[in-house]
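Below: the structure, in C-alpha cells.
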Amino acid sequence: MQQSPHSPQSQSLSASAVDSAVPLSKLQQTYAVIPRERPQTPLLDSVDSPADLKTFSSAELITLADELRLFVLYSAGQSGGHFGANLGVIELTIALHYLLDTPQDQIVWDVGHQAYAHKVLTGRRDQLGTIRSKTGLTAFPERAESVYDTFGVGHSSTSISAGLGMSLALRYQGRAQTVACIIGDGAMTGGMAFEAMNDAVQQDADLMVILNDNDMSISCSIGGFSRHLAMLWESGYQVDISDAGEPILCQRPDMQAFDRRKRHKEQRDVPQLEDNLFKAIGFTYFGPFDGHNIPELLRVLSLAKQVKGPVLVHIYTTKGKGFAPAELDPVGYHAISSLPAEDNAPKTEKAAIKPSLKYSQVFGQFLCDKAAQDKKLLAITPAMEEGSGMIEFARQFPERFFDVAIAEQHAVTLAGGMATQGVKPIVAIYSTFLQRGYDQLIHDVALQNLDVMFAIDRAGLVGEDGATHAGVFDFAFLRCVPNMLIAAPKDENECYHLLNTCYEYQGCTAVRYPRGVGTGATIIQPAQIYNIGEAVIESVLGTDDAPKKLALLAFGTMVETAQKAAEMIAKSPLLASSCQLHVVNMRWVKPLDTNLLETLVEQGVTHIATLEEHMIMGGAGSAVNEYLLNESAAFKIHRPTICNIGIPDRFVAHGSQAEQLADCGLDVEGVFNQLQNLLS
C-alpha cells in the first residue's frame, strides 16, 4: 500500500509511538444490560468526522472504544438491529478511521451489518437511533447516505471484489489511495471472496484485506476453511514483515478468552508456516492478532498499509464483545428488537393468546415430520440454520442436515448431485440469496429435471433490512425456467400442505413464503397433497345480476388482503350494488389454473385484477396476462379490463413491512383504492 499524504503518522499517535502497555483491562468495560437512557460519552461527542480522531492519545482511543460500544448498545436498544457483529468491530473501526485518510482512502465493509460504529464516526452519531426506520439510516452502508460509504452492501462475500475494482481503477488513474476490505470468516466461505483474492494476486493490486475472524457468521462458522483459520490461530502469530529490522512477534492473548477455538485443536496437528492458505496463493499475511487491542491494531495496520501488492491482516474478535449476554449467546444476539417501552401501569391478568407460527417454524415442523416418514429426505442450507427454522431438524437428523456455509451456488448444485442418487434434497434458502445460485438452478437442476425442492423463505418485502434483502424477484426469475413448479401459500396451513405436495412431486419445485408470522391458521393433519395448478375461489361477494364483475386473483400472502379489500368494496355505497367480486386464491404461479381463468372469462367477468407481493414486471400478474393474451380462447371473444397490482418498478426503501406495503399500495386501503379506480 502506498502512504497517503494525509496519513496520521506525524500526529500525536504515530504507529511507532503507540503505547502498547496501556492497561486495556482497566479501560475496556463489559456490560450486562442495555441502557435505556443515553449514556455520557464526552469523547465520542467530540467526534463529528474521522479527522477528529487524529489528535487522540492511545488511552483516549481505548476510552473512546468503551464509549462507542456503550453508545451502540444504547442505540440498538432504541431501534433494534444487528447487534453482536457491531460490538465486535468497535476497536477495528476506530483504528481504521484513525490510521486511514477517509473518505479519500476507501473502506469496504462486507455484508455491512457490522458498520454501526463506522456510521457513528462518520457524522451520523445522532441519527443512529433511527437506523432501519423508514426515515432513518439504512441498515447497511449505502453510497447515497454518506461519502464514507464507498460501496453498497447487504449480501455476503462481495467486499474483496468491490475493493479490488476500486484499487485497479485508482491505479489506472494514477491515484495513490488505500483500499481496505473488512470481511468476516463466515463471508470468507463464499466462493466469490476466493475468486477475488485469486485475481488480486494476478493483478498484483495494492489491496488490504482485513479478515475479522470471530468464528461466526450468523451462527458458528463451519467447514474446512473455518478449521484452517483455527489452525492458524493455534500456531501463534505469523508475520511476514520486519519492524526496524526485527520480526514482529506479539504475545498471543489468553486462550481462555477464545475457548471456542479449542474445539478445533484436536482436529489436526498445529500447522507449519507453509500451511498458510493466504501465503500460498500470494498474499502477504499478518496475523492472527487480537482485534480488540487498539495499539496493536494500529501498529500492524500501519505496517500492512506500506506493503506493495495484496496483503491480508488476520484479526481475532469476539462477537458481542463487551455485552456479557451476547458474548455467551452470539447467535441469539446476532440481531435484536428494540426495547419495549417501560410500563409502570398495574398489571392485570390477561387471557393467554397463542402466538401465530412463523413461516420458518412451519417449514421446520414439516421438515421434521416428513423426515420421520421418509428416509430419503436430506436438507441443505447455506448458513441459515436458525433463520430457516432447521435447528430441530439438525438436532434430530444430524446425518441428513448439510450446512454448506455461505455458498449458495454450491448448495444448489450439491442438491442436484444428491438427486441423481435417488434421495430427495430440500434446499432451504432465502429468496434474495437464491438469486446467487440462479445459473446452478437452471443448468444443474431444472435442465436435467432433477428431483429437488426449494423452500424459499423471506419472499416479498422484508422490512427494516430494506432493498438488499427483499425477495421480490423470484416469481419472475423462476417462472421462466422450464420444468419448474412454483407454489405460493396464503397461510401457515396451506404452506405446510404445499410443502408436502411439492415434496411428493417428482421434479423441480419451489414453495415461496414470507418472513415473519402467519395469519394464525391452524395446521390440519395429516399432510395433504393438493392438485397441482388448481386455484381456490375463496369467496363471491355481490349478486349475479351486477353489471360489473371483478375477478380478484391473489397470490400467496395477498389473499387475506384481497379478501379484506373486497369486503370494503362490497360495503361501499358507490360500488356495492353494481359489482360482484370473486376472490381467488391462485395458490400456484406455475402452472396457473388456466381452467379457472377460462371459466371466469366465459362467465362474463368485466374486470380482472391480479395481486401479488412481488414486482409487477415479470411477476404472477404478467403470467396471467401472457396466458389471456396468447392462449385463452375465451379472451379472444370477451375481453375484460385487466389490472396488475404489485410492487412498482423501483427498489423499496427500508421501513417496517407494514410501511413498505403501504408505500407500494399493497396494504388493504391501498388495494381498495386501486380496485375502486379500476371499477369506476
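Cβ coordinates are placed from backbone N, Cα and C, and glycine is handled just like the others.
Record features (Swiss-Prot):
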| type | residues | note |
| --- | --- | --- |
| COMPBIAS | 1-17 | compositional bias 'Low complexity' |
| REGION | 1-20 | region 'Disordered' |
| BINDING | HIS113, GLY154, HIS155, SER156, GLY186, ALA187, ASN214, PHE323, GLU408 | thiamine diphosphate binding site |
| BINDING | ASP185, ASN214 | Mg(2+) binding site |
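Annotation: GLU408 carries the greatest number of neighbouring Cβ atoms among the binding-site residues ASP185, GLU408 [cut-off 10 Å, Cβ to Cβ]. For the binding-site residues given as HIS113, HIS155, the lowest number of other CB atoms within 10 Å of the residue's CB is seen at HIS155. Around ASN214 (thiamine diphosphate binding site), a 10 Å sphere centred on its CB holds 26 further CB atoms from the protein chains shown.
All protein chains considered, the CB of GLY186 (thiamine diphosphate binding site) has 30 other CB atoms within 10 Å. Across the fold, the C-alpha of HIS113 (thiamine diphosphate binding site) and the C-alpha of ASP185 (Mg(2+) binding site) stand 14 Å from each other. Listed in sequence order, the binding-site residues near ASP185 (Mg(2+) binding site) (C-alpha within 10 Å of its C-alpha) are ASN214, out of HIS155, ASN214, GLU408.
Max Cα-Cα distance over the annotated thiamine diphosphate binders (HIS113, GLY154, HIS155, SER156, GLY186, ALA187, ASN214, PHE323, GLU408) is 32 Å.
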